[in-house]
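Worksheet for the structure shown next.
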Amino acid sequence: MKLSVKIAGVLTVAAAAMTAKMYATAKGNHLKTHTFPLSKMKGKPPLTIFFISDIHKRLIDQDLLEKARSHAPHLVIIGGDLAEGGVPSARIEENIKRLVHFGVPIVFVWGNNDYEVRQHKLYSIFKAHGVITLRNESVPFSYNGHTIAIAGVDDIRMEMDHYEEAIKELDESQLNILVCHNPEIHEQINEDDGIDVILSGHTHGGQIRFGKFGPYELGKTGIVKNAAYLISNGYGTTKVPLRLGAEPETHIVTLCGPE
């Protein structure tokens, strides 16, 4: 009996320590940098983007944002799941205010959890702070005398996505960035659609992983159908405020000409 009590005590302490570690991991503030050389950027100055997705219940850390600002991004893109059910409107707005301090345009696309929030309240916050919202549409973006396009696809899980509508006005000769919360958008893209960069989140990198095993793959970069892509682990968590083997992350993405 005494041995079993000791074992139970050891297991309890170990479980508590592991939970504390997972909680601390979930509160991390990591800024990853990526450089995508693209043929359409030849002869143009580099374009730098701060990309963040899956914020959920977190407040974006000010020191993290200061570090990101040091890269002088031209654009901020929120890849969906800015919030979820139960997140106070004041916290959502505070996160937007913190991003507004970059002093550059902010683009937002919807994630599945954003639909758990009162839509009129989200729109009110976006309108108050000049956030550009994309729902199956595209907008031009100019920097340093050059113009690119950003297309945003609405959430796939909520069956709100209309990819063809989002890209219908794109000029294949110019640089085109596609933003969709769910990386399953890769399946809808054709090689001749003129998409150069795809930014997504949603998966949280599995959020809780045991070695190579998790509900989703870790976030990553790569090439699919002639487009460079980034799938982010995301910044926040859902269900439980814990992470294991899938650190939270935000991103500085630099698009430049080939060497």
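Cβ coordinates come from backbone N, Cα and C, glycine included.
Copied over from Swiss-Prot, here are the features:
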type	residues	note
BINDING	GLY214, PRO215, TYR216, GLU217, LEU218, GLY219, LYS220, THR221	ATP binding site
SIGNAL	1-19	signal peptide
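Positions of Swiss-Prot features highlighted on the structure.
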{"residue": "GLY214", "record": "ATP binding site", "Cβ neighbours (10 Å)": "18"}
{"residue": "PRO215", "record": "ATP binding site", "Cβ neighbours (10 Å)": "12"}
{"residue": "TYR216", "record": "ATP binding site", "Cβ neighbours (10 Å)": "16"}
{"residue": "GLU217", "record": "ATP binding site", "Cβ neighbours (10 Å)": "14"}
{"residue": "LEU218", "record": "ATP binding site", "Cβ neighbours (10 Å)": "16"}
{"residue": "GLY219", "record": "ATP binding site", "Cβ neighbours (10 Å)": "25"}
{"residue": "LYS220", "record": "ATP binding site", "Cβ neighbours (10 Å)": "13"}
{"residue": "THR221", "record": "ATP binding site", "Cβ neighbours (10 Å)": "15"}
